[in-house]
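Trainee: Taken from TrEMBL, the feature transmembrane segment covers 61-77, 89-106, 137-158, 164-184, 196-217, 237-261, 273-296.
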């Protein structure tokens, strides 16, 4: 009798273990794929270095870089969020992203992006109208709207082509993103709470260093910087505060991604990992755009 009970308990444990394994996210078989899924910040760091290199190229290359970012994000977003209609979601996000870039490039005004976002939200519901049956309706709508909002931030990067100082903000923006990547990598085996703290701390630290390094230039280098920026160079204190605030925003973005896309929502394909890696890069365009407005035009100046 006791032997039978022990066998039944073992059978139940094995069944529960198999069910638990089935629920875990599947990862790629290749070593490179497993590493990227576990550490999407590697892709973010590489792209951030590329952003810094774009600074020495003509400003039009920034548009090309944003297009690549939109394509990469749209390709893996449905894999990352497990959307029920992957092809329709990818097409919707891709259309909104490319429309955002085109209109920002043509009109040179970020306010036009509001209309694109509004039409994108309508498109998310229209997409569901043509889908039948409609399983996971709420997940599909919310995932599409989130993708539309994220991809629309690419228009802010296009605005950086308009002014010399705005374009120069690519460098501190890239350094701040690298800080977030360092925080994510160093805290990979920590608890969620301390991963959040580490990510925000390193983002703020790199933002501080970026502001101090840029504004700490002396002599001929500083004079050339003033000429390059058209006389709109802020004070050292303003540059440091701006760098720290930029780091705080980007750090919170990294921290939120680390919390949301963990456990069962962790990226299970290379496409999903790449999509997650491009979220902080695209989203960083908004705080950098706001900072540029404060430093250069149409708004309170920090000089």
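Note: Cβ is positioned from N, Cα and C throughout, glycine not excepted.
Can you walk me through where each of these features ends up in the structure?
Mentor: Counting only same-chain residues 6+ beyond the ends of the transmembrane segment (61-77), those with a CB under 8 A from a CB of the stretch are 47, 50-51, 54, 83, 89-90, 93-94, 97-98, 100-101, 105, 143, 147, 150-151, 154, 157-158, 160-161, 167, 170, 267, 269-276, 278-279, 281-282.
Counting residues 6+ beyond its ends, the transmembrane segment (89-106) has Cβ neighbours under 8 Å at 63, 66-67, 70-71, 73-75, 77-78, 83, 112-113, 116-117, 119-120, 123-124, 127, 140, 143-144, 147-148, 151-152, 154-155, 158-159 in the same chain.
Using a Cβ-Cβ cut-off under 8 Å and counting only residues 6 or more beyond its ends in the same chain, the transmembrane segment (137-158) has close neighbours at 62-63, 65-66, 69-70, 73-74, 77-78, 81-85, 89, 92-93, 96-97, 100-101, 103-105, 110, 112-113, 116-117, 120-121, 123-125, 127-128, 131, 279, 282-283, 285-286, 288-289.
Same-chain residues lying 6+ beyond the ends of the transmembrane segment (273-296) with a Cβ under 8 Å from its Cβ atoms: 36-37, 40-44, 47-48, 51, 66, 69-70, 72-77, 79-80, 110, 150-151, 153-157, 159-160, 163, 165-166, 169, 173, 176-177, 180, 232, 234, 242, 245-246, 249-250, 253-254, 257, 261, 267, 302-303.
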Trainee: Where else in the chain does the transmembrane segment (164-184) make close Cβ contacts, counting only residues six or more beyond its ends and a cut-off under 8 Å?
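Mentor: Hits for the transmembrane segment (164-184): 39, 41-42, 44-45, 48-49, 51-52, 54-55, 59, 62, 195, 198-207, 209-211, 214, 228-230, 232-233, 243, 246-247, 250-251, 253-254, 258, 280-281, 284, 288-289, 291-292, 295-296.
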